[in-house]
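Below is one structure; the comments refer to it alone.
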């Protein structure tokens, strides 16, 4: 299947860095991707009527479909309708929340190239309208998760654009962000941090 960006450029999945989860055997949830862990967490929040948060679908425009059999359809070509914004959005305690989820195998920093300008602009707009915007960053080698408010991401992005470093150090994330506690259910309890950072 061929997928194209809105500008017509071809999306080549093979050239994208493939994130293979690191398999660890110390407890059962290690090795899950951040997306799987957050989807599991959000399902827990929804089931227990804590919050309503969902993964945003990626909008695609189907262009070419083959029908090898009457009951089967194979998409051969599709385009991204528009650049995606962030990964998740929803409502918690009457407030709109919107966040991006990112993973890195780096030990000491998080590269800002993992963000796109339209994602930064989207987070700015959410904050301007009194929504809550943040990023959850997973350091896969340590199995550590941090919640970092959008204002810090925006500041680090601006620093990069004025000749500063092109990454956020792990020390800066530890200083400005909040370490998330992990467990079985919910896997990544980011709501507890939201209560502390935004609702206290």
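Glycine residues also receive a Cβ, built from the backbone N, Cα and C atoms like all the rest.
When Swiss-Prot records 85, 87, 119 as binding Mg(2+), the matching candidate from 100, 103 it lists for that site is 100.
Looking up the ranges 1-24, 25-48 in Swiss-Prot, the one annotated as region 'Disordered' turns out to be 1-24. Residues within less than 8 Å, Cβ to Cβ, of residue 100 (Mg(2+) binding site) and separated from it by at least 6 positions along the same chain comprise 86, 87, 88, 115, 119, 123, 135, 136. Cα of residue 85 (Mg(2+) binding site) to Cα of residue 102 (site 'Transition state stabilizer'): a distance of 13 Å.
The number of other CB atoms found within 10 A of the CB of residue 85 (Mg(2+) binding site), across every protein chain shown, is 17. Under the three-state DSSP scheme, residue 85 (Mg(2+) binding site) falls in the coil class.
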